[in-house]
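Novice: Following this message is one structure expressed as structure tokens.
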Amino acid sequence: MATLFIADLHLSLHEPAITAGFLRFLRHEAIHADALYILGDLFDTWIGDDDPQPLHATIAAELYALHQLGITCYFVHGNRDFLIGKRFARQSGMTLLPTENVVDLYGQKILILHGDTLCTDDLAYQKFRRRVHNPFIQQLFLLLPLSLRLKIAAKMRASSQQANQQKSQQIMDVNPEQVLERLRHYQVKTMIHGHTHRPAIHQVDLGKSYGRRAVLGAWHEEGSMIKVTPQNIELISFPF
């Protein structure tokens, strides 16, 4: 019995090794799981479910094959692929989840999220996030021609990379008070997230007890997953 979590694969046509590694993961690891949770940034960018990229169809087919085996795949939107919608979810057999969600695994309640909402010290990003998550702005963007959406996404990505080079590592990490607030609000002792690309399992002082914050790694040189069993929560890295 095991439930698997992954995040921050940033799949794109420019990184075929990561795509191949993910397909192997689905075929050899995920098929043995009770469920698979993808906590955002499965793709490096997403400009709409109508984008005819062959990569999207390949990933959808592989995820749907997992679905047909009776293994549910849950998806939490990330900061790169927040526009993944119901159409792609149907094609891939994924179940879309809210930004923050409490799941009960083997009798243990766990808060799961992408993680960008915890990085409140990055004021510029949080302002950007509020803007692009406005439903009206999203609808307007999706009405634009694909070619224009591609150009806008590329420009936004370039601006983001340039801005991040000028930010401190501390600003781009989670705010500890936000972690405590979420754990207390949802009345849980365990949190799993991605986004920061800093894989670790942290102990969190809750006052009268201790909690855990498990952080997934990004798929760059190797894969990263968290395996939850009735006995343990384990952070695992593995070669592609």
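From the backbone N, Cα and C atoms, a Cβ is placed for every residue, glycine too.
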Novice: For the Mn(2+) 1 site that Swiss-Prot describes with Asp8, His10, Asp41, which of these is also annotated: His197, His202?
Specialist: His197
Novice: So Swiss-Prot lists Asp41, Asn79, His114 for Mn(2+) 2; which of His195, His220 goes with them?
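Specialist: Answer, per Swiss-Prot (Mn(2+) 2 site with Asp41, Asn79, His114), from His195, His220: His195.
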Novice: In Swiss-Prot, the residues Asn79, Arg80, Ser160, Asn164, Lys167, His195 are said to bind substrate. Which of Asp49, Asp122 is said to bind at that same site?
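Specialist: Of Asp49, Asp122, Asp122 joins Asn79, Arg80, Ser160, Asn164, Lys167, His195 in the substrate site that Swiss-Prot records.
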Novice: Show me the subset of Arg80, His114, Ser160, Asn164, Lys167, His195 whose Cα is within 10 Å of His10 (Mn(2+) 1 binding site); these are the binding-site residues I mean.
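Specialist: Checking Cα-Cα distances against His10 (Mn(2+) 1 binding site), the binding-site residues within 10 Å turn out to be Arg80.
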Novice: Work out how many Å separate His195 (Mn(2+) 2 binding site) and Lys167 (substrate binding site) at their Cα atoms, rounded off.
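Specialist: Taking the Cα atoms only, His195 (Mn(2+) 2 binding site) lies 16 Å from Lys167 (substrate binding site).
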Novice: Per the record, substrate is bound by Asn79, Arg80, Asp122, Ser160, Asn164, Lys167, His195: how many Å separate the farthest pair of Cα atoms?
Specialist: 19
